[in-house]
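These come from Swiss-Prot:
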BINDING   C70, C72, C85, C88  Zn(2+) 1 binding site
BINDING   D460, D462, D464  Mg(2+) binding site
BINDING   C814, C888, C895, C898  Zn(2+) 2 binding site
Amino acid sequence: MKDLLKFLKAQTKTEEFDAIKIALASPDMIRSWSFGEVKKPETINYRTFKPERDGLFCARIFGPVKDYECLCGKYKRLKHRGVICEKCGVEVTQTKVRRERMGHIELASPTAHIWFLKSLPSRIGLLLDMPLRDIERVLYFESYVVIEGGMTNLERQQILTEEQYLDALEEFGDEFDAKMGAEAIQALLKSMDLEQECETLREELNETNSETKRKKLTKRIKLLEAFVQSGNKPEWMILTVLPVLPPDLRPLVPLDGGRFATSDLNDLYRRVINRNNRLKRLLDLAAPDIIVRNEKRMLQEAVDALLDNGRRGRAITGSNKRPLKSLADMIKGKQGRFRQNLLGKRVDYSGRSVITVGPYLRLHQCGLPKKMALELFKPFIYGKLELRGLATTIKAAKKMVEREEAVVWDILDEVIREHPVLLNRAPTLHRLGIQAFEPVLIEGKAIQLHPLVCAAYNADFDGDQMAVHVPLTLEAQLEARALMMSTNNILSPANGEPIIVPSQDVVLGLYYMTRDCVNAKGEGMVLTGPKEAERIYRAGLASLHARVKVRITEYEKDENGELVAHTSLKDTTVGRAILWMIVPKGLPFSIVNQALGKKAISKMLNTCYRILGLKPTVIFADQTMYTGFAYAARSGASVGIDDMVIPEKKHEIISEAEAEVAEIQEQFQSGLVTAGERYNKVIDIWAAANDRVSKAMMDNLQTETVVNRDGQEEQQVSFNSIYMMADSGARGSAAQIRQLAGMRGLMAKPDGSIIETPITANFREGLNVLQYFISTHGARKGLADTALKTANSGYLTRRLVDVAQDLVVTEDDCGTHEGILMTPVIEGGDVKEPLRDRVLGRVTAEDVLKPGTADILVPRNTLLHEQWCDLLEANSVDAVKVRSVVSCDTDFGVCAHCYGRDLARGHIINKGEAIGVIAAQSIGEPGTQLTMRTFHIGGAASRAAAESSIQVKNKGSIKLSNVKSVVNSSGKLVITSRNTELKLIDEFGRTKESYKVPYGAVMAKGDGEQVAGGETVANWDPHTMPVITEVSGFIRFTDMIDGQTITRQTDELTGLSSLVVLDSAERTTGGKDLRPALKIVDAQGNDVLIPGTDMPAQYFLPGKAIVQLEDGVQISSGDTLARIPQESGGTKDITGGLPRVADLFEARRPKEPAILAEIAGIVSFGKETKGKRRLVITPVDGSDPYEEMIPKWRQLNVFEGERVERGDVISDGPEAPHDILRLRGVHAVTRYIVNEVQDVYRLQGVKINDKHIEVIVRQMLRKATIESAGSSDFLEGEQVEYSRVKIANRELEANGKVGATFSRDLLGITKASLATESFISAASFQETTRVLTEAAVAGKRDELRGLKENVIVGRLIPAGTGYAYHQDRMRRRAAGEQPATPQVTAEDASASLAELLNAGLGGSDNE
C-alpha cells in the first residue's frame, strides 16, 4: 500500500519554475526528446485497429495503447510496470505517455523552417543580409548561391543562375563552391562568425550618416547580438531533424461504418514521410540531379505545409477542398491553443438556467432549483452520507441520490448552508459580472436573482440565462465570501458610486409614497411618530400623501462616533414618515423628506455607505426594495391612453412652423438663400417647433389644478402615471413622452442626415403610412448599429485588457513628488466636472496651501476623502496637484499612493490589486452605450460654430492668461497672442467659466475687471483673421506692386476699393520673389521698432490678405492693418463615440493634424517650393534654426517675425498625441487623452474615474527610445522598456557613470500589447506567429510577471490573493527553502478529518 501511495504521489509532482524561455531547438535536442524515429507513413492497421510498427502511431515509439498492457498482450497488469516486451518492443506503462512522448523524422535533405524564412522581417534574410527573393530562389532550387569564392572573382553569397553556374564551372573548375537548396543556406549560416560580424557592423554604424542605413544596421546588430547572447546557432533555423507530435495530440478516431476521423496533422506528416522516404531511395539509387532536386523541393514544400500551411503559395487542401490545419493554425486565433484552451477553459461543477426575479430574497441570496443543487453538490452529499453512516460505500450513496430519498434532501440543506455559489451572466464585461451568493433551495427550474444586482449584471428577466459555479476548496469558498459576495460589491469600481441602486418599480413605489398632495385625506394631523403614521394609513384615516406634522427622532454621530438623539416635530407626509422607519440610525430626516427620485435614492444609499459603512447600507438597500415593491403595488400606477394628454397648442404651433417653412421655400425659389441654407433653416424651424410642442405638453402634464383646504385653487405636481414614471426616473423620459403625446419630430436617414419633413403626429394620434415608413428607417438602423457596436466594443475591451493586464499595485509608496495638476473641467460657461469630483480619492503630491496665504491646508501624501474635499471647497481651492499613476516611479507595477482610493471599497488601494484589468473593464464596459456614428453637423450646430463674441453667464472678475495685448485708439485692449484663455473668477476665487480668446479680439473689459452676468466681454470677426499693429506711425508699402504682387478690387455694394495680395501661384515671374509687407515708419520716415525688441515693425502679408488702407496713412497701435479671410472649416464631421475612443487609445495620427512649433524662437519664412512654404524658427539664443515644409493650403496662425514658444500651435487642426508628448511632455499628453476620452463618455452620461484612463496611458507610455547610449549597453535609436532604462541608469549613476538619455514613446494599445516584455502574453493576443518567431530567435525569457502569462502556464495570478502566494514563493526561493505543504486548518470540525488523513498518509514518511 505504501509504495502505491508513494507511486501516486510521484505521479502528481509539479515543477517549480520562475520563468519560461523559448529558443531554437538544435537537431541534437530534437533527437533527445524523441523516443524513436518514425520511418513509415502508415497509421493503424485497418483490420486489427492496432498501430503499425514504426508508423505515425507506433506503440514502440510512443507507448502502449492500453494502460499497463503491451501491444501483443504478453504483459498485462501493474506488476509488469516498466518492462519492455521483447516481442513487440512496447514498454508497459500508462497510456497517457502517448500524450507526451515525441518521435522524430531524420530528413534526407535539410529544409528551411518557414517561420524564420517568411515571417516578416525574414530572420534568415536579415542574418545573411540577402533579399528574401534570392533566398527563396535558392531554397526552391531555381538558382545557385556561392558559398566559397576561393581565388575566383565570385563573391560569397552571390546568386548564380543555372547558365552562369555552368559558365563558372567551365571557367574555374572546382576552385569555387556553389550549391542550391537548404544545404546551401545552411552552409552559409554555419560559416558565419557572429561576433566578428557584430564588430564590423558596429564600426560601420559609427561611420555612416544616412538614416535608413543606420536603421538597417541597428536591426542587424540587434539580431546578431540576440543570437550571440541566447546561444542559438543560426544553422538551427534550417531543420535536419523534424520532431513528431505525440499521437494523442493528433488523434485518429474510428467512426462507426469503418471510417476514421483524423487530425489534419496526420495527413501533413504522411506527406513529409512519403516524400522523405522517396528522396532517400532516389539518393541511394544516385538518380539524376534534376529528379533529386525536384524531390527535395517537394520535401521542402511538405515541411512548409506541416509547419504553417498557406504561408507560402497555395495552401494544401484535404479531400473536401478545405485547407489543412497546420501546427501554426493550432495555436493561433480565437480557436487556437492560447485563446481556446489556455485562457478559457470549461469547468466542472457548473450549471446554467433561465433567471427569474426573487423579490423576497435578501441581497446576499439567490434561489437555486433543487434539481440543480442536487447535481452540483453531489460529491459533498456523498461525503456527508458516508460520514453519517447512512451509506456504506460511495456506490450506495450514489444510488440513494439517484432515487432522491427523503434523507438526501435534508443532507443537501446542510451541505448548502453557508456554501456560497458564483453566478455569472455572459457577457462578463466587468468584475461585477460574476458575484457570489448563498443559495436558497427553491422548487421549479429557474434560478432566482435578487432585483438589486440586475444593474451590475445588466440582466433582465426576458429570457436571460445565467451560469452557476461551485467553489470547492475552503480557500475558494473563503474568497467567494469575503471578496465576491454581492453584499461586498455595493460600489462600482468604475466610478465609486453605488451600483446596488433600486430601479423601475422600486423607484416608482418610493417616489409615490414620498409625494405630497394638496388637501389629501388627513391633512393637518399631528402624529406622535412614524408608527402612528403607519397605523392611521392602514386604518384608512389618512392618505399616503397627506401633509402632516410628525414627531421624529434623528440620530447623529458626534466626534467620538457615538449616536446622539434629537427629537423634533417635522412637517412631512404620512408616506415619508412610514419610510423613515426603515432608514438606519445616523442619517438625517431631510434625506427622506422630499419626493425621492432615482438620483435622490442613489445619493441616499451613497451617504449611508459613507457615514455608516457596509452592513447598514446592505440592510437599508434591501428594506428600500421591499418597501418600494409594496407601495408600487399599492399605488396602482398604470399607463392608460388617457394619460397621454396632447397639448391644445400643438395644432397652432405646427401651422405656424409650416407657414415659416413655406416662406423660406419662396425665398429659395427667388434665389435669396442657397439650397444648403434653406435646408438648415427648415430643420431649425422644425426643431424649434418640436421643442415648443414638447414644452407645452410637459407644462400640461407636470401640474394639475386642485382645490386646497381654504377652497382656493392651487397648482401642484401632477399625479399622471406616465409623468410620475418619467419624473421619478423609474422608466421613460421626457423625449419618449414627447413621442407619445407631443410630436415625433425630425427623423434621420440611415446615413445620419436629417429628413427635412418631420413626423408631426404622435403615437397616440397614430402615424399615417408615409410617417410610418420614415420611422422604419431609423428603427432598422438602430438595430444594425447595436449589433456592430457590441462587436466593436468587445474588441476594444480585449485590447485594453491586454495592454493593462500586468499592471498591479506592488508597493505602498514610491516616494515621488511628481503628479498632475487637477483643475475643474470647464467648457465655456459650464462647470462640467467640479474639482471635488476629480480629486476625491486621490493622494496629494505636495502640500495644498490656503489660497493667498502660506498656511498648509492639506499636507502632502494625504488621501483626499469627502471631508478633505469639503475643506478644499470651503477654502475655494482652484487647483490641486495630485499623485498619478502616470508619474509613479515604481519599476514594475504602481504604488498605492499614486493610485489612491480603491473605488469599489472606499479606502486606499491594497497591494496586489489588479488595477490594470479593473481600468480596462471600467472603460470597456460602457462601450456598448457609446454611439457608433460620426456626427454630421447641420442646422443649429453649424451656426454656433462661428462664434463672434464671448458672453459671460455669472458675475465675477475676469482673468486672462497667456496674454499679449495692445491698447487701440479707443482705449480698448486688443489681443495679439495666440492661445489666450479668459477665466471668470467668482468672489471666492473659484474659476466658474473659461473661454478661448482668438487673436485680434477686442476686449470690452480688461484683466481683473468686474463684470455682471450676461455681459459681453470680447468681440471679433469670425470670418477673417486680422493683422494688428503693435505700434503707431505711418504705413509704408513695401513690395506692393500692382499687377505683380497685389491687385485692386472694388466691392459692388459699397463702392469701396481694397488691395488684395496675390497668392504666389497667381503672381507673374517677376513677383515670385517679392515679399509684400506693410512697414510702420515715424513722421521722419525712420523705422519704428517693436516695443521690447530691436526689430523694425514690418508686417509681411500672406496671399489673399485684404488691405483697406492707403500708402502713407497714419495709424495707431491696435488698429487692423489687413484682414486674412478664413475659409470656414465647412461642416467637418466630428468622430464621436466608440470610434473616437478607439482612435485615442490607438494613438492614431489625425488626418490633418495641427502643426506645432518644435522649438521656441522667431518665425520667418524661407524660400518657397511648389505647393509648400518653408517655415523657419530661429531661436533667440542663436542656436541652429529649425526648418519645416508646410503645405500652402494650411492656414497659419503666425506672421513673420512673431515669437513662438515650443509646442505653440502654428496651424490649427486636431492635435496629434505624439506631438503633444514630444513638445509638451508626459503630463500634457495625459491631460489630453484623459480629457478627450472623458468628453466622449460624458456626452453619453457615463461616469468613469480619470485614474482608469491614466492607467491605460501609463501602459501606452511604457516604451522609450534611446537618444544617446552613455555607458549603457543600449543602442542609439533602440526602443526599450522605460522601466529597464530607469533601472540601468540608476545602476550606472550609482557607479558614477553616464546614463543613457531617452525620449518617451507613445504607443497605441495594440502596439503596446505586442511590444510587452512577455512573449507569452503577446502571442496570445495577436500575430502569434510573428511574436513567437521573434522570441525564439532572441531566446527570450518570460519572467511571468503579468496575469495572462500565469493563467496560461496554470498558476495563481500575481494579483489579489495570488499576490501573497507569489511573494511568499519568492521569499522561500531566496532563502533556499523547500515550499512547505500548506497546513489545512479549517474549523475544528475538519480538524478530526485532517487527523484521519494524516494517519493514513503519515506512515509513508517515517521509514
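Using N, Cα and C of the backbone, Cβ positions are placed for all residues, glycine too.
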- Item | For C72 (Zn(2+) 1 binding site): intrachain residues, at least 6 apart, with Cβ closer than 8 Å | C85, K87, C88, V90
- Task: Would you please pick out, from the binding-site residues C85, C88, C888, C895, C898, the one with the fewest other Cβ atoms within 10 Å of its Cβ?
- Result: C88
- Query: Tell me, how many other CB atoms lie within 10 A of the CB of D462 (Mg(2+) binding site), whichever protein chain they belong to?
  - Reply: 6
- Task: Can you grab the distance from C70 (Zn(2+) 1 binding site) over to C898 (Zn(2+) 2 binding site)? Cα atoms, rounded to a whole Å.
- Result: 64
- Message: I'd like the Cβ neighbour count for D464 (Mg(2+) binding site), meaning other Cβ atoms within 10 Å of its Cβ, all protein chains included.
- Response: 17
- Item | Top Cα neighbour of D464 (Mg(2+) binding site) in the set of binding-site residues C814, C888, C895 | C895
- Which residues, same chain and not among C814, C888, C895, C898, have a CB within 8 angstroms of the centroid of the CB atoms at the recorded Zn(2+) 2 site? E811, D813, T816, R883, V885, S887, D889, T890, V894, A896, H897, Y899
- Item | Residues near D460 (Mg(2+) binding site) in space but at least six apart in sequence (CB under 8 A) | C454
- C70 (Zn(2+) 1 binding site) CB neighbourhood, other CB atoms within 10 A: 25
- Measure from the CA atom of D462 (Mg(2+) binding site) to the CA atom of C814 (Zn(2+) 2 binding site) and give the result in Å, rounded to a whole number. 50
- How many Å lie between the Cα of C895 (Zn(2+) 2 binding site) and the Cα of D462 (Mg(2+) binding site)? 44
- Sorted by sequence, non-C70, C72, C85, C88 residues with Cβ within 8 Å of centre, Zn(2+) 1: A59, L71, G73, K74, Y75, E86, K87, G89, V90
- Message: Can you give me the Cα-Cα distance between C888 (Zn(2+) 2 binding site) and D462 (Mg(2+) binding site) in Å, rounded to a whole number?
- Response: 47
- Task: Using the centroid of the Cβ atoms of D460, D462, D464 as reference, list every other same-chain residue with Cβ within 8 Å of it (recorded Mg(2+) site), in sequence order.
- Result: I355, A459, F461, G463
- Task: Determine, from DSSP, whether C898 (Zn(2+) 2 binding site) sits in helix, strand or coil.
- Result: helix
- Query: When you measure from the Cβ of C814 (Zn(2+) 2 binding site), how many other Cβ atoms are you left with inside 10 Å?
  - Reply: 19
- Note on the structure: For D462 (Mg(2+) binding site) and C898 (Zn(2+) 2 binding site), the CA-to-CA distance in whole Å is 44
